[in-house]
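What TrEMBL says about this one:
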- ARG23, GLU81, LYS120, LYS446: (6S)-5-formyl-5,6,7,8-tetrahydrofolate binding site (BINDING)
- 226-231, 245-251, 270-273: GTP binding site (BINDING)
- ASN226, SER245, ILE247, THR250: K(+) binding site (BINDING)
- SER230, THR251: Mg(2+) binding site (BINDING)
- 216-370: domain 'TrmE-type G' (DOMAIN)
Amino acid sequence: MFDDATIVAIATANGIGSISIVRISGANALEIATKISKKTTFLPRLATLSSLYDINNEVIDEALVIYFKAPFSFTGEDVIEFQCHGGVAIANMLVNEALKRGARIANPGEFSKRAFFNNKIDLTKAEAISKIIEARSEDAVKLLARQLKGELTNFVNEIREDLLFMLAYTEVSIDYAEDDLPSDIFAQIKSKMEKIIVKLTNTLDASRRREGMIEGFKVAIIGKPNVGKSSLLNKLLNYDRAIISDIAGTTRDTIEESVKIGTHIIKIVDTAGIRDASDIIEKIGIEKSIQAINEADIVIALFDNGKVCDDEDKKIIELIEENLHKEIIKVLNKSDLQNKFDKTKIENFIKLSTKDDINPLVKKIELILDSNTHSDEMTLISKRQILSVENTLYSINLSKNPLETGELEFFAHYITEALEQISSITRPYENDQMLDVMFGEFCLGK
Ligand SMILES: Nc1nc2c(c(=O)[nH]1)N(C=O)[C@@H](CNc1ccc(C(=O)N[C@@H](CCC(=O)O)C(=O)O)cc1)CN2
Ligand SMILES: Nc1nc2c(ncn2[C@@H]2O[C@H](COP(=O)(O)OP(=O)(O)OP(=O)(O)O)[C@@H](O)[C@H]2O)c(=O)[nH]1
Ligand SMILES: [Mg+2]
């Protein structure tokens, strides 16, 4: 899995700050620390103030040294932390001193990878740690902290227990006469199975709705050319990001920018106006708009109050009708102009002008995102987790039929598959490549 080298990395951000932390993990960590500090003993977990020296005995810093004695450390190995004065210069010098004394630079995610292989954390916690570091909203942090605390691990373990129960009784009834078993055993198995299916389905639904909590929710702005999509984007961002003009077709490519609304991070996508274009570039733009709708959590459909509802608007209304499962906010823009738009064509719209206050729209977006996120449903935080739950459900669904027909070997086979799938969320049996990719995406020093 990994060599047993002693590894070193700067754990803190690469910039100016009052304190920096250099971490060393591995069998030689303590020896390296005694050489750099010239102190012979460190009491585990006690912060010790010490001068630190380079290989020529010149003093580098006065710093705190903490020794975490294996296995009671983050990685499960001997760990030394130098908590030195901040900025990057001293931290870099300490890394170099550790290298001179036999350590090597840690790969991205290698501390966490070692924690995983030493059973200090499972994959759900590793994923939570990796995402916490990149989180940009309080909501994301709170969601990830729940996973770090073990919520998903417990959820997986409960389902594993139920599946194991089902499997154990099935194996027994394959091998022994039925009268040795509780008479209602298959009723029990069925009812457990139904409960698992509901639990997994609910989790998938909630997780899909909340996918944006970590990366940002996608809000797409659509509408025919010149309705004011880019004006709205700029207004939501509070600065002039997109070019605006009264020439239809000004925006040719999709623009995506992040902004915070309430406690949520949203990614606003400004698209090229939808129209039946012969112009090849604009056609590509239209395809991108349709794609933006598909990928969006919320769609803002703009109409122009100052113009009559034409074929281009009807195309947008058609698209809305094809996507009723989506959160779509209809907005009648340019309400400062005299009304020409037939309002009966769009019901339940918000009236506004991008030249004026757009707060009603912002509030509406916030309300939708609040209702998507403010509950304590179990939530998966990565595509990997979602895929594993989907696969678990798939295998369980396949097991239903053989259970009905009494083909218990087949039933046991599918339940075993489901068990492997659900277990892979916390601890995959064999999948080195997946682990390499996953930990490789961690930031340096983690
Ligand atoms: N200075 C510092 N702060 C930090 C970290 C760190 O490594 N160093 N962390 C790095 O991510 C996070 C805290 N996570 C940690 C997780 C486990 C252990 C640890 O020593 N675990 C031992 C002992 C447990 C105990 O005493 O309860 C163990 O699990 O055996 C330390 C930090 C955030 N803050
Ligand atoms: N009167 C009025 N004009 C507006 C309003 N919003 C936008 N406009 C004007 O409408 C024109 C088009 O605005 P854009 O934001 O470029 O429109 P768009 O939908 O991005 O257009 P394309 O990129 O071509 O699809 C500009 O001249 C804006 O100043 C509004 O609320 N009231
Ligand atoms: Mg535009």
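Glycine too: its Cβ is placed from the backbone N, Cα and C atoms.
Automatic, uncurated: that is what TrEMBL annotation is.
Within its own chain, ASN226 (GTP binding site) has ASP246, ILE247, ALA248, THR250, GLY273, ASP304 as residues 6 or more apart in sequence whose C-beta sits under 8 angstroms from its own. Note: the Cα of GLU81 ((6S)-5-formyl-5,6,7,8-tetrahydrofolate binding site) and the Cα of ALA272 (GTP binding site) are spaced 52 Å from each other.
For the pair SER230 (Mg(2+) binding site) and THR251 (GTP binding site), the C-alpha distance works out to 8 angstrom. Only THR250, of the binding-site residues GLU81, ASN226, ALA248, THR250, place a Cβ under 6 Å from an atom of ligand 3.
For the recorded site, GLU81 ((6S)-5-formyl-5,6,7,8-tetrahydrofolate binding site), the DSSP three-state label reads strand. Within the set of binding-site residues (ILE247, ALA248, ALA272), the lowest number of other Cβ atoms found within 10 Å of a Cβ is recorded at ILE247. Ligand 2 lies under 6 Å from the Cβ of the following binding-site residues, listed in sequence order from GLU81, SER230, THR250: SER230, THR250. The Cβ of LYS229 (GTP binding site) lies under 8 Å from the Cβ of ILE221, ILE222, GLY223, THR251, ASP270, THR271, GLY273, LEU302, each of which sits 6+ residues away along the same chain. Per the record's binding annotation for (6S)-5-formyl-5,6,7,8-tetrahydrofolate, residues ARG23, GLU81, LYS120, LYS446 show a top Cα-Cα distance of 18 Å.
According to DSSP, SER245 (GTP binding site) is assigned to coil rather than to any helix or strand. With SER245 (GTP binding site) as the anchor, the candidate binding-site residues are ARG23, LYS120, LYS446, and the one with the nearest CA is LYS446. Counting other Cβ atoms within 10 Å of each Cβ, the lowest count among the binding-site residues SER230, THR250, THR251 belongs to THR250.
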